[in-house]
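According to TrEMBL, the protein has these features:
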- 338-348: compositional bias 'Acidic residues' (COMPBIAS)
- 375-389: compositional bias 'Pro residues' (COMPBIAS)
- 409-442: compositional bias 'Polar residues' (COMPBIAS)
- 26-81: domain 'RING-type' (DOMAIN)
- 124-166: domain 'B box-type' (DOMAIN)
- 274-332: domain 'COS' (DOMAIN)
- 338-391: region 'Disordered' (REGION)
- 409-462: region 'Disordered' (REGION)
Amino acid sequence: MNISLGYSHSTKQDSNMDSLEKQLICPICLEMFTKPVVILPCQHNLCRKCAQDIFQASNPYLSTRGTTVSSGGRFRCPSCRHEVVLDRHGVYGLQRNLLVENIIDMYKQEQESSSKPEPEPAKCDQPMCEEHEGEKINIYCVTCGVPTCSLCKVFGAHKDCDVAPLNTVFNKQKTELTDCIAMLVGNNDRIQGIMSQLDETCKTVEENGRRQKSKVCESFDHLYAVLEERKGDMTLKINAEQQEKLDYINGLMRKYREHLENMAKIVETGIQTMEESEMATFLQTAKPLLQKLIAGTNISHLDKVERGYDNMDHYTANFERERRVLLTIDFVKDVEDDEEFEDGEEEVELRRMTGATRTDVSPSAAGPSVVKANPPQPQQQTAPPPLPQRPIETLGVMATLASPVHFPTTTPVQFPNTNLANFPSAEPPTQMTSDAASSQQNTDDKDGPKHVFSFSWLNNQK
């Protein structure tokens, strides 16, 4: 059934008034602003009562004075979500928008003047039944849910339907609509409070995340510092032994160079002596010179470098266990788990240091865990290391940083180019005097086994 409400066509003025009315609607109560109207810092307007309701919903635990004034606090604008910070006067510290209040007064006056009933068009406001001309709509069909007239109930399409007085249904539905609007407004207030709490929770999560990331970075920085310190200590020990060996080898090279220079001078003196034609003069200098030549062939008093002296493999590092431990780095799940982990680490460290093995104990047995130490193993006799020339420190874990040893280049000693065939051959003494032999034996006993450098060319005279 189509019902004509009989409303007149809206004029341009009515349209403008409707647009103005939309601008004067409060976004909280969805009704026209109720004075006093307050203006927020974001230039949006609210009823002071609605602003107070939003403030109380956003700050449920904030102390209030009486029922209207709150001391400080903040809430968000329902239109643009801008945060409004209140001073100690609360919402009463917000400025009133007198311009909006004056516009509301002018709008209400215009509405009252335009809503006065006129004699002629007054009949057009009453809705009429389209099927029965001249009949007013005065009842409500409960079955179909539409208003109708009495003739429709008696003779028309609604004769079998349940009807009710129009004012009864009107009051009932208006009450329901009012309750729903009030419920929706209250729900909006609760949603505003929940949104404020969620916003604060987001800020708290961000702050806690930044703080924990800072703590994690600080912990890793401490680990980096420990690693750098251990790296410096280990490289210093390697550098110390490397420099010690280089100094020792360079010292040996200086001794051998001096020996070669002395022998070159003795050989040159011997060659000059062999050119002496006077036998008496020759015999006076030959014997001491011969003793010097024989003593020059003995180099046992010079130190030698043992095989493997240049090896630095004892500074080899194996960080596989530490790497596996570092891969297990994670956040602490629980304080009890952390304590159990520390206890387990202490027990493992104790077993590793003492060589003890853990034995299972019956649950009924009282007392601490039983640790059974292994019987000490007989120590094996190991051969001493091959002739350590200098004390060498060894580490349990060292970095493999062995660098090649560069010996300083030396200029070979030049001997005079003399043809020995021009001189009479003489058999060199094959046996030393008892004093020289005793001196050589004592020197060998003091220095120990040495590498032998061959000087047999001095004995092969052509």
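Using the three backbone atoms N, Cα and C, a Cβ is placed for every residue, glycine included.
Just so it is clear, the model here is predicted, and its values are computed rather than measured.
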Average model confidence [pLDDT] within the domain 'B box-type' (124-166):
77
Mind tallying the domain 'COS' (274-332) by DSSP state, helix then strand then coil?
27 helix, 0 strand, 32 coil
How do the residues of the domain 'B box-type' (124-166) split into helix, strand and coil according to DSSP?
8 helix, 12 strand, 23 coil
